[in-house]
Amino acid sequence: MGTRKKVQAFVRVRPTDDFAHEMIKYGEDNKSIDIHLKKDTRRGVVNNQQTDWSFKLDGVLHNASQDLVYETVAKDAVSQALDGYNGTIMCYGQTGAGKTYTMTGATENYKHRGILPRALQQVFRMIEERPTHAITVRVSYLEIYNENLFDLLSTLPYVGPSVTPMTMVENPQGIFIKGLSVHLTSQEEDAFSLLFEGETNRIIASHTMNKNSSRSHCIFTIYMEAHSRTLSDEKYITSKINLVDLAGSERLSKTGSEGRVLKEATYINKSLSFLEQAIIALGDQNRDHVPFRQSKLTHALKDSLGGNCNMVLVTNIYGEAAQLDETLSSLRFASRMKLVTTEPAINEKYDAERMVKNLEKELALLKQELAIHDSLSNRTLVNYDPMDEIQIAEINSQVRRYLEGTLDEIDIINLRQIQEVFNQFRVVLSQQEQEVESALRRKYTLIDKNDFAAISAVQKVGLMDIEGNLVGEPDGQSFGLGVAPFSVKPGKKPKTKKTPKDQFSSSARKEGASSPVSGKDFDVASISKTQLIPSSKDGDLKDMLARERETSSIEPLISDSPKEELRAPRPSTPPSRTVAFEEFKNERGSEINRIFKEKKSILNEGKKRGRGDNPADQRPSSRRLMRPKMHSISRNHFGRSRGVREQGLMIIDEEEFLLILKLKDLKKQYRNEYQELRDPPGLRSNTASAWWISVAIACSWNLTSGTMSLL
C-alpha cells in the first residue's frame, strides 16, 4: 500500500473589473487568502458578527493563465497516472465562477483550452516517450442530471442503444458504471473527437448569473493500461484519471430560476450538499460511516474521495463584494477538503497468458537441466513427462504383485512414480474394502447400532441379547462365534440340563476353539458400528435359525495338530452357570479355591471361639468371668447408697477395691480376645489372596453372555 497524503486544494479567482481589494487579500506565499467584512451597523451597538476569516490552501491562482493552472494543478497527477496511480481533478464553486472554463476551456482560442484537453495531450505525448511499453487508452463520459445517469457518448453511430438503465455496481476493484460505454482511442485526435462529441450533448441553460450554465455534473474518465513489450515481464499496470466538472451552486434569489431550471437547481444544490457532508465525514477521524450512497455524485466518486487516488480540488470563486457569501462557502469547502487523506498505490496486475508462457519456458529449461544432470551422473534416460495409462497400469500390476509377495521391491526412478505408487496403493485398498463389504452384504445383514428399531426387531427374534451383543459373539477367552437355538433367550438359563459330555473340555477352552458352523464364513466377526446378522433370502429370521440348527455340524474343525483332533465336540449352547463355576474352581481357579477354603476354616474357628462352642478350649472366657464381678460391685453400690458418708466422700471397702482391679484386668483381656477374633493371624497376611477370595465369592460365570458378572 502507498503512503497517506492530504488532498491538494487550490483556489482560482475569476478575473473581474470590480474586484473587492479591501475585502479579499492574498498571502505573500500565494497559499493563503484572507476575507474581511465590515460590520452591519443596522444590528445595533452590540454586534458579535464575525468579520475576519483566513484560509490556508495549497495555492491561490489569481489572474493565472490556463497554462499556469494546468502546470500547477494537473501535470503531476497525469504523469503519475502513467506509473500506475489513479488521479482525480475536480472543479467546485459557485455558478458562473469559471469551473467549466477551467476544466474544458474555450474553443475559440487554442491557448484557452482547459485541463481536460491538455491532459489528453500529455498522456499521448508520454506514451510516445515510452517505447518499451504498449499502452492502451480508453475514455468514457458520464453525466449526472437530476440524479439520473446518462452516457454522453451514446449518440455515436457504433454505440448500440441501451435497453436497461445505467446503474452503479461495486466490486473489489472499485465502482463500476454498468451500461457506460468505454471507447478505445489510438491517437490524440480520436480522443479530442470523443471529447467534443460529449460536450455537444451536455445540458446547459441560461439565467441571470451565467448564460451557459451547466445543469449537470460531468465526469470524463481516461483509462490507461501499460504492458511491457518484453515477454518476461508478466506484470502490467492500470490506472484512470477522473476529470470532474461539477455544476455550480446557486442561490435562487440571485439566479431567478423558474420552471425546469428551478428543478435542476434544486437537484444540483442537494447533490452538492451531500458531497459536502461526505467530505466532512471523511475529515473527521472519529467517524466510521461515510454517506457515499446519499447521491449518485458521491457514490460515483467513492474511489476518488479518500480512496486509492491522487486527489486535487480546484475551487473557483468570484472576487466581487456582492458574491462574498458564496465565496466564503466555497472556501470553507476547500478547507474541509484539505483534511481528507488518500492512500495512492500502484495498480499492478498479472497477465495470465504471459505468465503461462513464462512458466512453460521455465519448465523446458528445468527439463534440459535435469537431462544434463542425468547424463553427467551416468543415469539412464528418465522421462519427466506425466505418466500415460500404460505406465499407470504397469505400476498397478507391480503394487498388486508386491502385496501378494511375488515381487520383492518396486523400482523407483522419479518423484512422479513415487506419487503414482502411493496412489495405486490407495486404489488397491479401496477395491479390497469394497470386495469385503460386498461379500459381507451377500452373507449377512448389516445393522447399525444406532438404529434402535432394527435392534429391537433383532432382539425379538432372539439373535441379540439385551446388552446389544449377538448371541454367540466371541469375547476373546470363551467360546467361538456360533448361533444359539431359538428356544434359548438372552439372559435366561436353558430349561434342560447339560450332561458332562455336552460341556466344554478344559483343553478346548484353553486353546480357544471356535464353533465349526460355517468356519470360512466368519472371517469378520463384527464391525465397529454394525452388527452382522446372517441373512436369508426369504427374510424370515426364525426359519433361518431353524435351518442353521439343522445344518450346523458339531464335529470339530479339521486341523493338522494332534491335540486339535482329540478335542471334544463343542455343544451349540454354553453349559449352565453352576457347572461352569465348578469347572472354574477345579481348573483355572483351583488356587483361588484352595485359599478360599483355608481362610474360610480360619473364620469358622474364630466364630466358634467367640461363641465358646469349641470343646477343646476348656478355659472360661473373660466375658463370663466379668459378669459375677460386675454383679458384686453393683450390690455393694446399692447397699452403700443408704449407708454413712464421711466428709462427703464415698467409702469403698477392701473387697470392693479388689473386685474393681480384677474387673479392669478382665476388660483388658476381653479386648485382646475380641481383637484376635476380629483379625485372626491367618487372615492378616497375604492381602492379595484375601482380595482374590472376595472376588471369587462375589463373582460367578454368566455363561449366557460368556463374561464374568457381579452377583
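Indices start at 1 and increase along the chain as displayed.
Even glycines carry a Cβ here, placed using N, Cα and C.
Per TrEMBL, domain 'Kinesin motor' is recorded for 6-340.
If you draw a 10 Å sphere around the CB of G96 (ATP binding site), it holds 23 other CB atoms from the protein chains shown. Feature annotation from TrEMBL assigns ATP binding site to G93, Q94, T95, G96, A97, G98, K99, T100.
Marked as coiled coil by TrEMBL: 349-376.
The feature region 'Disordered' is assigned by TrEMBL to 482-521 (among others).
What TrEMBL lists as region 'Disordered' is 547-577 (among others).
The annotation compositional bias 'Basic and acidic residues' is assigned in TrEMBL to 598-616.
According to TrEMBL, the region 'Disordered' annotation covers 598-628 (among others).
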Would you mind listing, in sequence order, the residues at least six apart from A97 (ATP binding site) in the same chain with a Cβ closer than 8 Å to its Cβ? R14, G248, N316, I317, Y318, S330
Across all protein chains in the structure, which of the binding-site residues G93, G98 has the highest Cβ count within 10 Å? G93
Other than its close neighbours in sequence, what residues sit by the coiled coil (349-376), given a CB gap under 8 Å and a spacing of at least six beyond its ends? 227, 231-238, 382, 384
Across the whole of the domain 'Kinesin motor' (6-340), what does the mean pLDDT come to? Round it, please. 87
Are there residues of the same chain, six or more positions away from K99 (ATP binding site), whose CB falls under 8 angstroms from its CB, and which are they? C91, Y92, G93, S214, D245, L246, G248, V314, N316
